[in-house]
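Asker: TrEMBL lists these features:
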type: COMPBIAS; residues: A:1-11; note: compositional bias 'Polar residues'
type: DOMAIN; residues: A:30-206; note: domain 'Heme-copper oxidase subunit III family profile'
type: REGION; residues: A:1-20; note: region 'Disordered'
type: TRANSMEM; residues: A:32-53; note: transmembrane segment
type: TRANSMEM; residues: A:65-90; note: transmembrane segment
type: TRANSMEM; residues: A:102-120; note: transmembrane segment
type: TRANSMEM; residues: A:141-165; note: transmembrane segment
type: TRANSMEM; residues: A:185-205; note: transmembrane segment
Amino acid sequence: MSDEQLQTLKPGQSPHEPEKATLEGKNKFLGFWFFLGGETVLFASLFGTYLALKDKGAETKAQELFGLELVFIMTIILLTSSLTSVYAIYHMKNLDFKKMQLWLGITVLLGASFLGLEIYEFQHYVHEYHHTFTSSAFGSAFYTLVGFHGGHVLFGLLWIVTLMVRNAKRGLNLYNAPKYYVASLYWHFIDVVWVFIFTVVYLMGKVG
Amino acid sequence: MSTATAQKQGFGATLWDYLTTVDHKKIAILYLVSGGIFFLAGGLEALLIRIQLMVPDNNFVSSGMYNQLITMHGTTMIFLAAMPFIFALMNIAVPLQIGARDVAFPFLNSLGFWLFFFGGVLLNLSWFTGAPDAGWTAYAPLSTTSPGHGMDFYVLGLQISGAGTLIGGINFLVTIINMRAPGMTYMRMPLFTWTALVTSVLILFAFPALTVGLFLMMFDRLFGAGFFDPTMGGNHVIWEHLFWIFGHPEVYILVLPIFGLFSDIISTFSKKRLFGYSAMVFATVLIGFLGFMVWAHHMFTTGLGPIANSIFAIATMAIAVPTGIKIFNWLFTMWGGVIRMTAAMLWTVAFIPSFTLGGFTGVMLAAAAADFQYHDTYFVVAHFHYVIVGGVVFGVFAGLHYWWPKMFGKILDEKLGKLAFWPFFIGFHLTFFIQHFLGLMGMPRRYWVFHSGDGLDLGNLISTIGAFFMTLGTLIFLYNVIITSIKGEKASADPWDARTLEWSIPSPPPFYNFKQTPLVRGLDPLWVEKRQGNGKMTPAEPLGDIHMPNNSFIPFMISLGSFVMGYGLIYQVDDSRWLFVAIAGLLITLGSMFVRSVKDDLGYHIHKEDLEEKGAGSE
Ligand code: HEM
Ligand SMILES: [Cu+2]
């Protein structure tokens, strides 16, 4: 079975769901969903901590600190990147490797610009408001929650790029299809977490 | 096979084999050996604690040393002894019980072990420079302000080993869901497999809370954050919540698989199918669910208010119901059965009343108003030792006697097994029963000395004597292990006349487990065949090539990297050059992950012809 797994799949061939065509793929698929379940608890704990410490010990409160324009743009960018990764997986299911790589490339670009804006945003808080990791419990909680998310974005980017480069020459096969699929799941998860961050941290922060 | 080939191979080859193995049976041995070593370390710490408390106003160890001893004892026993024992048992039994050739992710299985191992080693290295001393619960601000690096070792050691546990949990979840042999429906799974499934769910949802708690503590201690520092607006109750959101499920993570293996053992040695199988499954799932609803019963005195306390008190008491269902079903399984009092069964039978006592005191503690009296006294110490020693430790001994033949191909000496049991059992009750009364008399937990004239002398002396009895029992068990490995009798495939799939293949099994995947025709599949068939499993597939995973050294390297990184992080507060060490560690870890990602690992095949030569796989 194993060597067949490395045969390059071409458009028009079966199977329609290459990510779940092997037992290894099925295991990865299920295992990764469970992993995301654990990640959910992780972020839930961070959200809980953030809510308990919001505004605590800080001179500049959330309402004053946050501006929505930049964060709104970041949200749009990340949501779009989720959409482009859906396109990528759509093409994967049609076994169209080139188009999949293309859409993944766009996803990576969007993700990287999100990350760049986030770094800019942090810079801004530090320099304009002296809102730092060690300035108050609020600062610690804010940078931990949002930074954990940012760290996930960075890891996701490195992961997807590694996959794209590694498989650029040989195309799609039953061995790497689950890897691509799982990476895209991860990317969606990051996106969902951001929606919560946007709501809980920024929108609710603005409302007070 | 492992011991037999180990003797033929050189030492280096064997070592390399174990460093790179992805075979669940060998990983079980790795967990067992390292858990055993940590168990001895934790036991030694306990002995020192008891010697200090043997007589009033004792000065055997200093007060600072005493704090380190109690902290390391608790932390070691829970995370580094009980957890790996559970994983050892799950690794040896679960894949075999469901008729699988290995776990779903053999590579991750190995990674989980090595992360656990390096985390444990990191934690214990703290002994050289000052061990953690804020209790295994590490309440802030005691833990965040504890001087020296002890608590940093706690934070990073547990973080690394916790990551390993989480990986292990996911692995068993997918294994049980995806890898069952044909016919092995959920409601035909042996109870041990069922409890392993529920325990894995608990691991998955409980450990991330600890991960976050440890991160916050690390940020506070090492990077100047203010989560638990009230002067910065922080709030130390957050730690208590995160710790117990993890901590209470953790006690069920430990005890559920033990419930499962007792169910298997009782049904085997009573020659009866388990009474109320579906009720047992239901009770397991219910306990798992309720286990997440009760964490604040550890915080009754924190001041959450009467409403919260009442809700958590009632939820806690509710757990006694499914637990009671289990106790009665075990009794009813034995009722009217043909009981064989083997060593495994002896530990099992002793477990039932011992654990039940722990359950009783649990319900007492759950009465929030009364808990204000019990909290942080020896009454609590008595309670959790009745459930953890009387439950988990008895269970591990039972499970080891039961599955030793499958792990090592030899039967642990039965006479010595029973000889080890009695001093341990008597010593256990001597040590902990009296502690209920010490607690009710007001002896606080975690105090370095008690004074003469408080009426606590005799009780403490008895408790210490009991600890020596338990030590004796443990030593006899160890002696048994050594004697058995030298001249123990070789085990047949099915030495206990048992009922489940693991006993349908040789002891120890060939590295591919099942030559042909078995077809399961009912609950207790082997027993079904013994009664209705020819006593052998019917294969579900023709003989064919078997796909096997490759060994790999990468898990070791990933874990080593995180160990180095942990060390660097701990010491960078003193000298920022240590940050380079931390970064080097991170690079080792990420680099190894990168190699894993880009190098194809397709495994290999054992060919049909080679399998035929080896003769029948199941006899
Ligand atoms: C009927 C079931 C149980 C109930 C109602 C129960 C209840 C409780 C309560 C209320 C406490 C807190 C006491 C205090 O700190 O004042 C407690 C402590 C504890 N319980 Fe249980 N428990 C049960 C079963 C178990 C089991 C099965 C285990 C482990 C296998 C366990 C392990 C522990 C531990 C380790 C502590 C002490 C934690 C610490 O403060 O260090 N319990 N239990
Ligand atoms: Cu509890």
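Every residue gets a Cβ built from N, Cα and C, even glycine.
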Asker: Under an 8 Å Cβ to Cβ limit, what residues of the same chain, 6 or more beyond the ends of the region 'Disordered' (A:1-20), are close to it?
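Answerer: Tertiary neighbours of the region 'Disordered' (A:1-20) are 26, 28-29, 92-97, 170-175, 177-178, 180-182.
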Asker: May I ask you to check whether the transmembrane segment (A:65-90) and the transmembrane segment (A:32-53) make contact, with contact taken as at least three Cβ pairs under 8 Å and only pairs 6 or more apart in sequence counted?
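Answerer: Result for the transmembrane segment (A:65-90) with the transmembrane segment (A:32-53) is no.
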Asker: At a C-beta cut-off of under 8 Å, are there same-chain residues at least 6 beyond the transmembrane segment (A:102-120) that contact it? List them, or none.
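Answerer: Contacts of the transmembrane segment (A:102-120) (Cβ under 8 Å, skipping residues fewer than 6 from its ends): 70, 73-74, 77-78, 80-81, 84-85, 87-88, 91, 146, 150, 153-154, 156-157, 160-161, 163-164, 180, 187.
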Asker: By Cβ distance under 8 Å, which residues at least 6 away from the ends of the transmembrane segment (A:32-53) in the same chain are close to it?
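Answerer: Beyond its ends, the transmembrane segment (A:32-53) has Cβ neighbours at 137-138, 140-142, 144-145, 148-149, 182, 185-186, 189, 193, 196, 200-201.
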Asker: What average pLDDT does the predicted model assign to the domain 'Heme-copper oxidase subunit III family profile' (A:30-206)?
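Answerer: 96, rounded to a whole number.
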Asker: DSSP on the region 'Disordered' (A:1-20): how many residues come out helix, how many strand, how many coil?
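Answerer: Across the region 'Disordered' (A:1-20), DSSP assigns the residues as follows: 6 helix, 0 strand, 14 coil.
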